[in-house]
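Under the heading signal peptide, TrEMBL lists 1-32. Sequence annotations record features per position, and here TrEMBL assigns transmembrane segment to 198-219, 240-260, 280-301, 313-333, 353-378, 399-422, 428-449, 461-481. Summarising the annotation, TrEMBL assigns domain 'Cytochrome C biogenesis protein transmembrane' to 198-412.
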Amino acid sequence: MLTWISKPMLPLFRKKGLLLLLFSLSLVTASAQSPVQWQVSAAKQPDNSYLLTLRGTIQPGWHLYAERDAALGLEGPRLTTEDPLLTLETPISLVPPVRLQDPLLENKWVKVYRDTLALEQRLCIQGPVPTSLSLTLIGFAATKGSFLPLREELRVTLPDGQEHSAVLSGSLQLASLDLSRASACGETASSDGSVPTVFLLGFLGGLLALLTPCVFPMVPLTVTFFTSRSEGSRQALRHGMLFGLCILVIYLACSLPFHVLNSVEPGILNSLSTNVWVNLLFFAVFVGFALSFFGAFELTLPGRLTNRADAQAGLGSLGGIFFLALTLVMVSFSCTGPILGTLLVGSLSSDSGAWQLTAGMAGFGLALALPFALLALFPGWLQRLPRSGGWLSTMKKSLAFVELALALKFLSNADLVAQWGLLKREVFLGLWLLLAVGLGLYLLGILRIPGEPRGQGIERMRRFVGVLALLFALYLAPGLGNIPQGSLHLLSGFLPPWSYSLYSRGGFQANMHGTVQTQVVNDLYGALQLAREQHKPLLLDFTGYACVNCRKMEEQVWTAPAVARLLREEVILVSLYVDDRQSLPLTERFPYTGPDGSTKEIRTVGDKWATFQAINFGQVTQPLYVLLSPDMQLLNQPIGYTPEEDAYADWLRCGLSALDRQAAETSLQQHDEEPAPAALFP
């Protein structure tokens, strides 16, 4: 990934020491090719380490910075890795660099490489040695007027390594699998929430955004502006309708980049939703939104953007109306941003996330657009709108508590995937309980937030919502204990799972989990051996630590008596976590080449099972459930999120019936092929 920094920007980044940060984040990707062509080779040493030789050919006009400069954030070229099993020593240069005065760095003297460079770097490996591995090259290059951080993946072949790549790559494909021959029961695609449902949620979010102080006062002002500047009611109506349509189009356009990403790599949105750093980023963003709602600072888009849009917002053309709508969208961002952020991250983890995001954006934009169109149609309604006042500030600060609760959800996702143990179920519930109590006390006027005017009366609706918040806190309280009332089924999927608890597996938890205990985790071949020994079918559970619907299935559907009995007695259940970030042993890592020629590095447990799911079952979302016979034949169609207990139990029974038929057919074939008298007449 290449990130360009132009010459005018460089002094700002240098003064703030952010070059290395920019290099790490690589926020802006350029389509240009790397200015250096690399070759890397390895030679085994007597101490079983490897001496890596890195050679680069630099394009004319370019140079690479040769030395580290902490003040500037520069790094010399080197190979690096985050793998704890690999150790790379400091590189040694085989080609002396040259000194020059760099105009990009205010003519400071620096050492650089031109034309060619060669480095040696020692690599030590703990454990078995693979035939090849992937390392990351980092460095900084520059040419006239441009600065380019480098970050490239290089694969190096290791002499005397254990040859496993071809075998491992082939093992991901189940040769015996035939989706077309499976029993008809089941669904080929999972459905974790229909597009209409997401549209409705987006619409409700838009209605909520209308009640924020950034949007609500704009409604009568904008409609009055239309009616006063238009020649007659018909033109005012047309302008109002076009204005609402432009708002809808703007929000729909915001979802288009996600369709592009999803078409380039179908599983990328799902991968983003379970990425530790992405979830931590959303945690920080939502905390920032909450602090803004509390009044710690004002969150606005750059003034240049809003001023430029406002300058084009004349009513003389459709373009003017569009820019007026764009101005409204921009100036209301401080209130709509948190709600849109919730919609975005919710769609990332869903099936067909891009389409669900489009549906949610459509609902959100429609809810914001409707008041302008309706008030343009019925101008008399303007007199019935409630006046702006303290209730808008109360709404904003109430949303701040909700934003903090959502922020904890993203921190919990990161914690679950990384298995840090920071937000166990009871800790998470305790924090949510404190937020609910805080919201209730604030709405009842007992807790005062700085900046709130004193002596305000408490309206009836505010008092009612405050009581609801305290009742919600009471609902959460049993979850802090290891008791049956702590199951909190209404929040299944949003809370950390029961297994991620401060308590040991005793009492109620042992009771609950004993009925649906997963026999095997992340070991398909161990589960297959168990299935063959017990003559039971294999139930593959493609799941994820941060998968909301997976938790709903485990806590609401799997615990149903009919389903629990089948899972406990009739199948071997193996859970395969597609977001498990645990590194595979070096000898089990390999580059997988897909049918289209694309290559994917299999480095973690999650990489392995996500790729296994995609190439065999054509699905990239979770949960996905697959029933296989002990000889790895598909018994019925894979099924996804199925909240109806009876439907899921019927699907299991269908697969079990298919196994019985398959066993009978196999027995009959063996009988016809080997009609031994001793077998027929014992």
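If you go along the chain as it appears here, the first residue is 1 and each next one adds 1.
Backbone N, Cα and C define each Cβ position, glycine as well.
Most Cβ pairs under 8 A with the transmembrane segment (240-260) among the ranges 198-219, 280-301, 353-378, 399-422, 461-481 are made by 353-378. In this chain, the transmembrane segment (399-422) lies apart from the transmembrane segment (353-378): fewer than three C-beta pairs between them fall below 8 angstroms, excluding pairs fewer than 6 positions apart. Taking Cβ pairs closer than 8 Å, the transmembrane segment (428-449) reaches residues 294-295, 394, 397-398, 401-402, 404-405, 408, 412, 456, 458, 462-463, 465-470, 472-473, 476-477, 479-480, 488, 495-496 in its own chain, all 6 or more past its ends.
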